[in-house]
Protein chains: 2
Amino acid sequence: MNLAVIFGGASYEHEISIVSAISLKKILPALEHFIFVDGNRDFYWIPASEMRSKHFADGIYKKNPKLFLRPGGFYAKGLWGEKRVPFDTALNLIHGGDGEDGKLASLLEFFRIPFIGPRIEASVMSFNKHLTKLYAKERGVKTLPYLLARKNEKREFGNEFPLIVKPLRLGSSIGVSIAKNRQELDYALDVAFEFDEAALLEPFMQGIKEYNLAGCKINGEYHFSIIEEPQKKEFLDFDKKYLDFSRTQKLLKADLSEASERLLKEAFIKLYDDSFEGSLIRCDFFVQNQEVFLNEINPIPGSLANYLFEDFPKILQSLAHNLPKERGIKIDYRYIHQIQKAKGK
Amino acid sequence: MNLAVIFGGASYEHEISIVSAISLKKILPALEHFIFVDGNRDFYWIPASEMRSKHFADGIYKKNPKLFLRPGGFYAKGLWGEKRVPFDTALNLIHGGDGEDGKLASLLEFFRIPFIGPRIEASVMSFNKHLTKLYAKERGVKTLPYLLARKNEKREFGNEFPLIVKPLRLGSSIGVSIAKNRQELDYALDVAFEFDEAALLEPFMQGIKEYNLAGCKINGEYHFSIIEEPQKKEFLDFDKKYLDFSRTQKLLKADLSEASERLLKEAFIKLYDDSFEGSLIRCDFFVQNQEVFLNEINPIPGSLANYLFEDFPKILQSLAHNLPKERGIKIDYRYIHQIQKAKGK
């Protein structure tokens with residue numbers, strides 16, 4: 001498996017992505033190629049031996065070769081011409097902005113570089129929490145009720161608490177708070193608006209059961225992870241999730257009835273099918289009274305949720321060999337030739 | 001106004017984009033910079049004097065300087081180093097794939113190049129006709145009823161005809177047909193599936209009134225075009241639309257009551273607001289019994305619908321000076337430093 005991991009990005013989750021890439025390297029020691037996107041959006045070719053967080057935090061990466069993106073791959077300038085980074089498939093491991101918002105998918109599709117990760121549409125639908133609601137509804141998967149709040153609008157959201165307040169377009173619990181009253185809501189909105197122009201408000205369901213299920217479709221067949229019941233206090237805050245992105249230890253399966261497990265897998269398939277091909281995603285669900293609600297779709301889970309899979313390297317390898325293909329478009333200038341002929345030119 | 005027009009693209013609408021760019025040059029003789037994307041997705045710097053369709057159809061463009069996309073702009077290699085194409089704002093004029101599907105928006109956002117055109121989310125929501133339906137509904141704008149057809153599914157769509165069949169993700173009427181019976185429907189689906197894995201079926205409303213309205217928001221204020229009632233036979237097929245993309249002649253305003261005009265503008269604002277900032281779009285509506293239905297959102301209309309505006313150059317200039325800004329993200333490695341400190345490293 002000749003993968004290049006792309007990580008970093010000009011994103012609030014930049015550091016998380018570094019941690020995630022370092023963890024993935026631990027799980028897959030054969031990984032050779034690491035492409036770092038710094039805050040300026042320059043690409044760097046990082047030697048596997050330098051994959052330590054300090055290398056980035058201290059700016060040492062700037063001594064590594066800069067890379068340039070062009071049709072077919074990433075290139076480094078050398079003394080005697082250019083060298084292509086010799087990988088077959090890229091792995092999008094940029095969490096949050098740049099990676100999950102469709103930008104990296106676009107770059108890789110545009111320059112025809114095969115990659116593991118969500119495609120443009122799937123990225124947009126899972127990155128924006130409001131669009132995720134519309135998408136899930138269309139696919140027949142329930143979500144919690146919600147309200148949208150915009151930065152410049154009057155704040156009138158009734159009197160029902162507690163609420164959970166999330167910036168519209170972030171992952172990793174950044175900027176997420178629980179508000180137990182009007183004053184806390186005001187503060188929670190201020191926090192969320194630091195990260196986005198809009199926020200999503202949902203009822204906070206104390207004690208609701210939460211289950212995470214990861215998986216992907218390969219050659220028309222679904223491969224699921226074990227189902228995890230995430231540990232939580234009130235909810236996973238950023239510090240907690242940060243550590244979460246570096247997880248490599250295998251987990252115990254959640255204690256769940258067969259019927260509930262089937263419901264979760266059915267919901268996963270409804271969400272994944274015909275949209276998330278080429279990516280390994282994690283869906284986070286709530287379950288209450290035998291009903292399944294989608295909380296969020298994580299199209300690039302931290303270190304790809306490796307700890308949830310029994311044979312993670314094998315899944316990744318099969319996925320790399322079964323990526324969606326771009327539709328070939330033949331440009332033959334038929335219309336222009338036709339018009340020029342008509343004009344006698 | 002120092003614009004660079006980006007056109008071409010690996011798209012079924014490649015030729016349309018060339019025609020559109022040539023027309024725009026006629027309307028805006030001051031345009032200096034033209035960046036062509038060929039079928040291979042290489043960028044070329046086309047001198048204004050070479051903006052003729054033959055230049056592209058005959059492959060002569062390959063003699064023009066190749067360009068490379070990097071943070072901050074497009075660069076040409078010269079004998080003594082690199083030269084940046086000296087423009088302030090790019091104008092996305094790639095119709096269909098690559099331009100309207102979010103790819104070019106992603107490239108330009110990623111490399112921090114200011115541009116006129118739909119952003120990623122807006123691109124995705126208007127490019128996929130099914131997502132446009134969901135989006136319009138959420139915004140409180142009606143659309144016609146529809147069915148989705150997928151290439152590999154059984155074809156069971158009831159017995160009501162005529163239907164209009166559209167590939168899910170194309171513009172410019174490519175692959176669109178009207179089916180008056182079951183046999184025609186089968187053929188229409190075959191045609192549509194040449195272009196996409198899925199197709200949208202809608203009732204074909206013979207004689208329904210159609211109106212096009214273009215516009216944009218600049219500094220919080222809407223600037224609308226005149227409303228056009230497009231000429232049509234059964235519907236605009238590709239050949240007709242192709243010519244349509246080269247229109248530069250001013251039009252007569254549609255004969256429409258003030259009330260209907262207000263309804264159309266209200267619907268336009270609902271669709272544009274908070275999503276299409278930075279772009280000049282054209283919304284195509286149906287009107288029946290005083291009710292407005294969205295037909296489609298055209299986020300990059302042919303030659304930007306210049307013929308619908310009274311002072312098109314001024315609108316474009318103001319828009320170029322009022323583009324959405326990217327949120328600045330400071331990457332300070334706070335978490336990594338904190339963890340390293342805790343580890344005593």
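Even glycines carry a Cβ here, placed using N, Cα and C.
Some features that Swiss-Prot has for this protein:
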DOMAIN    B:133-340  domain 'ATP-grasp'
BINDING   B:162-211  ATP binding site
BINDING   B:D284, B:E296  Mg(2+) 1 binding site
BINDING   B:E296, B:N298  Mg(2+) 2 binding site
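Where Swiss-Prot records a feature, it is marked here on the structure.
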residue	record	contacts (Cβ under 8 Å, 6+ apart)
B:P162	ATP binding site	B:I178, B:A179, B:K180, B:P203, B:F204, B:Q206
B:R169	ATP binding site	B:G97, B:D101, B:F127, B:N128, B:K129, B:F195, B:D196, B:A198
B:Q183	ATP binding site	none
B:D190	ATP binding site	none
B:E197	ATP binding site	B:R150, B:K151, B:N152, B:L168
B:Y211	ATP binding site	B:I227, B:E228, B:E229, B:A254, B:L256, B:S260, B:L264, B:D284, B:F285, B:F286, B:V287
B:E296	Mg(2+) 1 binding site	B:S126, B:K129, B:T132, B:G171, B:C283, B:D284
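Neighbours of B:D284 (Mg(2+) 1 binding site), defined as other CB atoms within 10 A of its CB across all chains, total 18. With respect to their backbone Cα atoms, B:N298 (Mg(2+) 2 binding site) and B:V176 (ATP binding site) stand 16 Å from each other. Taking the binding-site residues B:F204, B:N298 in turn, the residue surrounded by the fewest other Cβ atoms inside 10 Å of its Cβ turns out to be B:F204. DSSP assigns B:E197 (ATP binding site) to coil in the three-state reduction, outside any helix or strand. When secondary structure is read from DSSP and collapsed to three states, B:P162 (ATP binding site) falls in the coil class. Around B:V176 (ATP binding site), taking its Cβ as the centre, 23 other Cβ atoms fall within 10 Å, counting all chains.
DSSP gives B:Q183 (ATP binding site) a helix state.
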